[in-house]
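Below you'll find the structure, written out as structure tokens, and then a few comments.
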């Protein structure tokens, strides 16, 4: 079976073609970084308009890359949520229209399920059950995964997501959009322990996260110190260390509570080198294993949507024409396969 995947939940237009026997046949991605750079963040209306311009040309490019056409497809998968409602509507409208015109099923995919399953695109894939840390600009959550669609949310952010805190703190440091990766790069030049920020909610039981207070602490420190480059780097280092320590502590707690020794990290922040190193050390100490997608599949992409859509397609879980986009969509409400 072969499926087209469409991702348009935020500021990346991702298109992919996936074959359940041959694997990923095509992957096309357009980032809107230049569109939003002058505004310091994503402008929803501009994001939607750019998806309108880019989606169909990228689909044509994917067909050319894969050496196939619509007649070779068995379904079309699209991101139905969560995300920016206007951006979601673009991908949903195009995906459902193409599926209807080509007389093949449409499959509505949960964006975070796409991230959660992204490591399945690699050679070394995790077996069920595993613990998943989903950490991105819009979400931070810990999920126990017993199988596809069998998700138990163990904890999630009660305010800002980790990626959002990265981006907002980067903006306070005067870094250009997208700030998260730039803050991580700046942190490499920072001096350890010059500044020390709190590790939010680690002194309380449970697996929920909170990063707004950490962002506030960074804001106060920035305001009260000189704005020379070394000071900025030291603050970036302290901030990143605090976020990573918090995530690692929560992962260790989740693994200990469940007795599971397989950990998946996915989402944009999972590309952070220091986070990967820390979690690899943790899993080595626990005689377990950590899994994550290649860097290009950490951020939003069509490949993860195509893969997740294929699993739903094979299970006969299709989207009806009245299927709505869901800007808010709990991952633990999904149907099990």
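First residue shown is number 1, and so on along the chain.
From the backbone N, Cα and C atoms, a Cβ is placed for every residue, glycine too.
Here is what Swiss-Prot records for this protein:
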type	residues	note
BINDING	111, 115, 300	Fe cation binding site
BINDING	134, 135, 136, 137, 138, 167, 180, 272	substrate binding site
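Feature map: annotations from Swiss-Prot on the structure.
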residue : record                 : Cβ contacts under 8 Å, 6 or more apart
111     : Fe cation binding site : 7, 9, 79, 81, 82, 83, 300, 305
134     : substrate binding site : 112, 115, 116, 140, 141, 142, 143, 266, 267
135     : substrate binding site : 161, 162, 163, 247, 265, 266, 267, 268, 269, 270, 275
136     : substrate binding site : 115, 161, 162, 163, 267, 268, 269
137     : substrate binding site : 10, 161, 163, 164, 166, 167, 180, 268, 269
138     : substrate binding site : 10, 82, 83, 161, 163, 164
272     : substrate binding site : 184, 240, 244
Secondary structure of residue 135 (substrate binding site) (DSSP, helix/strand/coil): strand
For residue 115 (Fe cation binding site), the number of other Cβ atoms found within 10 Å of its own Cβ: 30
Environment of 111, 115, 300, the listed Fe cation site - residues of the same chain whose CB lies within 8 A of the CB centroid: 7, 9, 79, 112, 114, 136, 267, 301, 304, 305
Substrate site span - longest C-alpha distance across 134, 135, 136, 137, 138, 167, 180, 272, in Å: 17
